[in-house]
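Novice: Structure in structure tokens, see below.
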Amino acid sequence: MAAGVAAWLPFARAAAIGWMPVANCPMPLAPADKNKRQDELIVLNVSGRRFQTWRTTLERYPDTLLGSTEKEFFFNEDTKEYFFDRDPEVFRCVLNFYRTGKLHYPRYECISAYDDELAFYGILPEIIGDCCYEEYKDRKRENAERLMDDNDSENNQESMPSLSFRQTMWRAFENPHTSTLALVFYYVTGFFIAVSVITNVVETVPCGTVPGSKELPCGERYSVAFFCLDTACVMIFTVEYLLRLFAAPSRYRFIRSVMSIIDVVAIMPYYIGLVMTNNEDVSGAFVTLRVFRVFRIFKFSRHSQGLRILGYTLKSCASELGFLLFSLTMAIIIFATVMFYAEKGSSASKFTSIPASFWYTIVTMTTLGYGDMVPKTIAGKIFGSICSLSGVLVIALPVPVIVSNFSRIYHQNQRADKRRAQKKARLARIRVAKTGSSNAYLHSKRNGLLNEALELTGTPEEEHMGKTTSLIESQHHHLLHCLEKTTMSMKEVGDGLQDQMNCMMGALQELKLLQVQTALEQLEISGGGPAPGSPEGPGTQLERPCWEGGRGSARPTVCSPASQPSLGSSTKFPSHRSVCGRDLAPLPRTQPHQSYVQQGSELVEPDDWTSTLMSRGRNRQPLVLGDNVFADLVGNWLDLPELEKSGEKGETGRAREPKGEKGQPQELGRRFALTANIFKKFLRSVRPDRDRLLKEKPGWVTPVVPEPRTGRSQKVKKRSHSKGSGHFPFPGTAEHRRGENLPTGGPKTLEPSPSGFDINTAVWV
Amino acid sequence: MGIQGMELCAMAVVVLLFIAVLKQFGILEPISMEDSSDSELELSTVRHQPEGLDQLQAQTKFTKKELQSLYRGFKNECPTGLVDEDTFKLIYSQFFPQGDASTYAHFLFNAFDADGNGAIHFEDFVVGLSILLRGTVHEKLKWAFNLYDINKDGYITKEEMLAIMKSIYDMMGRHTYPILREDAPAEHVERFFQKMDRNKDGVVTIEEFLETCQKDENIMSSMQLFENVI
């Protein structure tokens, strides 16, 4: 029952007295209205803005937060009001819902924020009033589409490590930007399509006369050359079709798809022509078959996003097109009939029958007006003019619908592409901002841990690291401590948990070390405290399975028990020892690699950049499980392999570690990646900024990996930009745009580097 | 013949188009019917303000706070300050969804609408409620009699009673258990008249009504039933 009607219930009950005198039997007892209190005002303080309403207003909807006793959880005894730390603007709408019974959706509000608020207050969005429901649904649909787009693009970028050859091939066909070979194939086929189409066209141009005979078209004059060209094109198309057929995940579905039919139709005429050579009877049909060669031009739709959008639009506007066709047909028949009868009397009239008048009507309605059929009588002229006027209207009406559809879909696509292209740069900037802001957080955490360790061990520590920490922080640090202790003791028992911990810690280590870098620079801490300048193998650090057990000043105490188990399982956690103290010798980098292989982790951790980064110094940061920091860290960590193929990473690892692991399937990939890199170097433009930056901070660059690193970063750049350009309608301009984007991309991404380390490496974090 | 026919048609079409163009210019007024859209009395433009709080307090037996609370609810539902019969029927039917409450709502509306102007405003509403909730049994019975007496002539005839009874049974709806018979209202009316009509003259006057009711214990007790509504 609606809240409004509930207000009338007392009245209805009172009016029931009218039944009493006619009632046959005694009435049941009335329910006792216990808890009868005067209606009181309650104050709802939403982020400082006070709303007041009657209690009964809120109790109209008892299944929501405000209407039930759930709001008691938010009651503030001191101020005798209900405090909600939420958005007051949306709360206004929510409260109006209680007051009027109608929920409205404000247009200026973001749809996901609004949804969140509604979910918090326990209100279903379905009860949004009719006035605002359409808008809400539209926005929600847009949002969902955008999310789906983003998810799709992310899925496309994931490098699934265990793709079979067939799957890689299919991916290469569908998305040419995944590998260089695919890109080459893409352009080659595009070129041959163009050649084939041009050949077909030029074939029919008259090419000058052979003396003694009439003018020949080029196709007959240079028939051999044209035949060879045609053969070559068909060969390429056939090979392409067979390869696609082989690689398709569902062959049956592929055969039925439109593009495959176009492919078949494009190459069939050639083979049929080969089969039936010079047979006079069917040569007519053979000539007709050549018409189908023009379908090759549709193969361009694989290369052009705009064509695909056009086709999709036409498909989605099928009803409008159908209506257009139908109304045109109706009008044509009507006017043809009228014209025929109007012109019947006129002598030598061209309007010999109604179908003959169809031609006149069509030509007139589309305002072509060839003039080969012209009415001569007055009536004919009158009706003819009406016909041409109405033709304009009939055609003009459905066309804007189609146009707007096309425009909407096209713009949506453009936006999606732009979003994808900007995403990388945006994420990089966001990461930089976040690392800058979480610096202080981590710093304070580090101090907090130190203080805690101080309390534990009583070891005197450097003064400047001592900082008063809040109760919450100290409790947090204690919690982390407990967690570490827990997992340490369980190390031998649960490897699964261990792996999880390692994964998390690996991720945290990355960002932590980045922070350390900047923190070091900011605080100018030199060789003391938690930032030892020990140039230990940083490659040991950020392996995923890397396990760090020590912390801060508790190094001496914590390290020894930690190192013992590590020594016990040295093959598993060799990095542990190195982590655990500057007095321990840095392990050779190969060892972590081997251990890494032994653990059999899937995604190879690229430790080249980490090694350079860590060479400046390392801090044994504990688990820094901040609120957002952790999520960011893991997110950043997971982002790492998004653009990399395992081959690439393996390639870099290989370059540094000649005696590193040799995964059998990785070798091929590595070699291939090497060639790809060389190829890319040709395409790449010089990046002076990057080199300069590298030169500025020589400590970062280990002697082994300038090239592959730049290679990878270049690849990052190139990929991120070519992605945006790949969807250009005209493939010719794609490269041009890519070229121009690279130099602009360079300085753009190198700009926001406040913390002083290379943005490119930060991206990979 | 056909040619002249077509010429005629062409002329006719031309003339029609000419008239259409003239209409556009407003030279030729169309011979259309009067538009009837704006002359009905629209309650939404009419607003009613009730009398002052003090006067209402004097007229009824409600306290100021009760009047305030009542008015708030009333105004929330009817911002114009008036309830017309359709709204009334709608509200009432929402309380009795299984049956058809419109007839009874109609009678009720008439009972509340003291000055018979087709709309209940707040004074009517609150005066009626005051009688029903705070009035003496005598007043309540008088109010009930007023409800039953459809034409307000002081007598309840069998037809009036039948109409009332039918409307009450309609509110119950068809799907009752046990199934109500078709003649249940008529029977009920018979019983009522047997009880009430002393002098068997076929009508029930106010005195007969009051007398009978005051003697019936069931009725007297049930009159006190809804006192705690507000």
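Placed from the backbone N, Cα and C atoms, the Cβ positions cover glycine too.
The signal peptide annotation in TrEMBL covers A:1-16. Residues or ranges marked as domain 'BTB' by TrEMBL: A:40-139. Residues or ranges marked as transmembrane segment in TrEMBL: A:181-202, A:222-243, A:255-276, A:321-342, A:354-370, A:382-403. If you look up TrEMBL, you'll see A:525-577, A:644-670, A:701-765 marked as region 'Disordered'. The feature compositional bias 'Polar residues' is assigned by TrEMBL to A:560-573. What TrEMBL records for A:712-724 is compositional bias 'Basic residues'.
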Novice: Under 8 Å for C-beta pairs, could you tell me which stretch among A:181-202, A:222-243, A:354-370 has the largest tally with the transmembrane segment (A:321-342)?
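Specialist: So the stretch in question is A:354-370.
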Novice: What same-chain residues lie close to the transmembrane segment (A:181-202): Cβ under 8 Å, and 6 or more beyond its ends?
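Specialist: Long-range Cβ neighbours of the transmembrane segment (A:181-202): 171-173, 175, 218-219, 226, 229-230, 232-233, 236-237, 240, 290, 293-294, 296-297, 299-300, 302-303, 676, 731.
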Novice: May I have the DSSP-based helix, strand and coil counts for the residues of the domain 'BTB' (A:40-139)?
Specialist: 47 helix, 20 strand, 33 coil
Novice: State the mean pLDDT for the domain 'BTB' (A:40-139).
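Specialist: Mean per-residue confidence for the domain 'BTB' (A:40-139): 90 out of 100.
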